[in-house]
Amino acid sequence: RIMRPDDANIAGNVHGGTILKMIEEAGAIISTRHCNSQTGEPCVAALARVERTDFLSPMCIGEVANVSAEITYTSRHSVEVQVNVMSENILTGAKKLTNKATLWYVPLSLKNVNKVLEVPPIQYTRKEQEDEGKKRYEEQKLDRLETKQRNGDVIFPIINPEPHTVGYSQSSLIHLVGPSDCTLLGFVHGGVTMKLMDEVAGIVAARHCKTNIVTASVDAINFHEKIKKGCVITISGRMTFTSNKSMEIEVFVDADPFVDEPRERYRAVSAFFTYVSLSKEGKPLPVPQLLTETEDEKRRFEEGKGRYLQTKAKRQAQMQQAAQ
């Protein structure tokens, strides 16, 4: 579909959340279609996790986004989907790859939202594909468990914070989940949640550097629990790390299900977003250094630095491998 002004920021760059929402819609369609390909209990595929996705090139107003999805692995209860996003300048015909993402879905019964159904297997062209897919499955399963175990943090407002501190740029958004946000089963589309998370992360980044900002990448997004219609969700974001030209922002979503079934507030989704600051000409700008004040902020900064260096080393290794 063509990118319109309401898909983009004031500089004309398409929101990362808009692209993430399109990616999730493509993944949901293909995985739901596959899970209903054999006779059995009808189901809807629910998003469980998005692996790290890089925004390789900015997309602008007026360009056409083409999203394609392919199922690359199935376990007994989950589906791995690979999604590519191409942008096309319809005036010149020029095309470029803007995003590559990997998503994991689980099929939930239409009759019982808490019942996970079995996934029909796919046929692999070679044995190595199945072995590689199984390795990715085990890795994401372990990482999802580890992420859920460290999800106890809460963001509190800070009075008169100093510029470039964590408290100065942190932000929260409160949203009532309505019918238009939800699937046939009455829980929130993963793409809707990711779009809201990107909005909050973008506000944090813009507050920190006071310039035009764009999403550079998203670390793994883990969907720990479903969010049902009628919940009030709080999407919170805070700066965790800055390099010379990038900002890492932690975003998490908490749900208050007080309409149908009162229960304690719970952590539903968590992720790390990375943003870059751009000049009016679209060139990367230096990012103000994050000022850490508490021991927790210093610890999170060092953890973010570790993720940054790990990603940088992996990218350099990929470039060297491609050059050989």
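Quick reminder: no glycine exception, Cβ is built from N, Cα and C everywhere.
Looking at 115-144, 295-324, the range annotated in TrEMBL as region 'Disordered' turns out to be 295-324. With a cut-off of 8 Å between CB atoms and residues at least 6 apart in sequence, the same chain places HIS15, GLY202, ASN212, ILE213, VAL214 near ASN9 (active site), listed in sequence order.
Under 8 Å, Cβ to Cβ, and six or more positions away along its own chain, ASP198 (active site) finds HIS15, GLY16, GLY17, LEU20, THR215, VAL218, PHE273.
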